[in-house]
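Quick look at what Swiss-Prot lists:
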ACT_SITE  His88  active site, proton donor
BINDING   Phe22, Ala56, Phe57, Glu58, Thr80, Val81, Ile82, Phe113  5-amino-6-(D-ribitylamino)uracil binding site
BINDING   Ser85, Thr86, Arg127  (2S)-2-hydroxy-3-oxobutyl phosphate binding site
Amino acid sequence: MAKITGNLVATGLKFGIVTARFNDFINDKLLSGAIDTLVRHGADENNIDTAWVPGAFEIPLVAKKMATSGKYDAVICLGTVIRGSTTHYDYVCNEAAKGIGAVALETGVPVIFGVLTTENIEQAIERAGTKAGNKGSECALGAIEIVNVLKAI
């Protein structure tokens, strides 16, 4: 029985990152964490392109454009949606998640879901580089690993 795993070497890989501007004080930290992790694992900064979109709802469209361009080994999607007093949160979270997942399945390109969906601002801050780690960094690791798993198959 073969065990297929992916290493964490990003040398020679190209990444697209789609980041939402809404809640950018959190998303800037997610983006920095992702880029830092990609570079630490061998990616060349010149092989990392970033696109900014208005909010999490708009991420899937740009992720799909990147995924179908043939330029990227993986696309990382970063954003933050914080629950408010209306149901808007539910719609944005659900559609962003569905859209991002659909892009990966439709294109065969790894598309990593790095949209924080939190109950409050404190939870978002915790996941952007404080006590709960940096989810942008974790998404970058996931992107590297899944690209290498797919190459090994």
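Glycine is treated like the rest: Cβ placed from N, Cα and C.
Shown on the structure are the features that Swiss-Prot records.
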residue: Phe22; record: 5-amino-6-(D-ribitylamino)uracil binding site; contacts (Cβ under 8 Å, 6+ apart): Pro54, Gly55, Ala56, Gly79, Thr80
residue: Phe57; record: 5-amino-6-(D-ribitylamino)uracil binding site; contacts (Cβ under 8 Å, 6+ apart): Val92, Glu95, Ala96
residue: Val81; record: 5-amino-6-(D-ribitylamino)uracil binding site; contacts (Cβ under 8 Å, 6+ apart): Asn23, Ala56, Tyr89, Val92, Cys93, Ala96, Val115, Leu116, Thr117, Thr118
residue: Ile82; record: 5-amino-6-(D-ribitylamino)uracil binding site; contacts (Cβ under 8 Å, 6+ apart): Asn23, Tyr89, Thr118, Glu119, Asn120, Ile121, Ala124
residue: Thr86; record: (2S)-2-hydroxy-3-oxobutyl phosphate binding site; contacts (Cβ under 8 Å, 6+ apart): none
residue: His88; record: active site, proton donor; contacts (Cβ under 8 Å, 6+ apart): none
residue: Phe113; record: 5-amino-6-(D-ribitylamino)uracil binding site; contacts (Cβ under 8 Å, 6+ apart): Cys77, Ala97, Ile100, Gly101, Cys139
residue: Arg127; record: (2S)-2-hydroxy-3-oxobutyl phosphate binding site; contacts (Cβ under 8 Å, 6+ apart): Leu116, Thr118, Gly133, Asn134, Lys135
Quiz item: Near Glu58 (5-amino-6-(D-ribitylamino)uracil binding site), which residues of its own chain have a C-beta under 8 A away, given they sit six or more steps off in sequence?
Solution: Ala20
Quiz prompt | Coarse DSSP state, helix versus strand versus coil, of Phe22 (5-amino-6-(D-ribitylamino)uracil binding site) | solution = coil
Quiz item: Quick one: what's DSSP say for Thr80 (5-amino-6-(D-ribitylamino)uracil binding site), helix, strand or coil?
Solution: strand
Quiz item: Of all the Cα pairs drawn from Phe22, Ala56, Phe57, Glu58, Thr80, Val81, Ile82, Phe113, the residues the record ties to 5-amino-6-(D-ribitylamino)uracil, which distance is largest, in Å?
Solution: 16
Exercise. Among the binding-site residues Thr80, Ser85, point out the residue whose Cβ has the most other Cβ atoms within 10 Å, with all shown protein chains included in the count.
Key: Thr80
Practice problem: Compare all C-alpha positions of Ser85, Thr86, Arg127, the record's (2S)-2-hydroxy-3-oxobutyl phosphate binders, and send over the largest distance in angstrom. | Solution: 23
Self-check item: DSSP three-state assignment for Phe57 (5-amino-6-(D-ribitylamino)uracil binding site)
Solution: helix
Quiz prompt | DSSP-derived structure type at Phe113 (5-amino-6-(D-ribitylamino)uracil binding site), helix or strand or else coil | solution = strand
Quiz item: How many other Cβ atoms are found within 10 Å of the Cβ atom of Ala56 (5-amino-6-(D-ribitylamino)uracil binding site), counting all protein chains shown?
Solution: 28
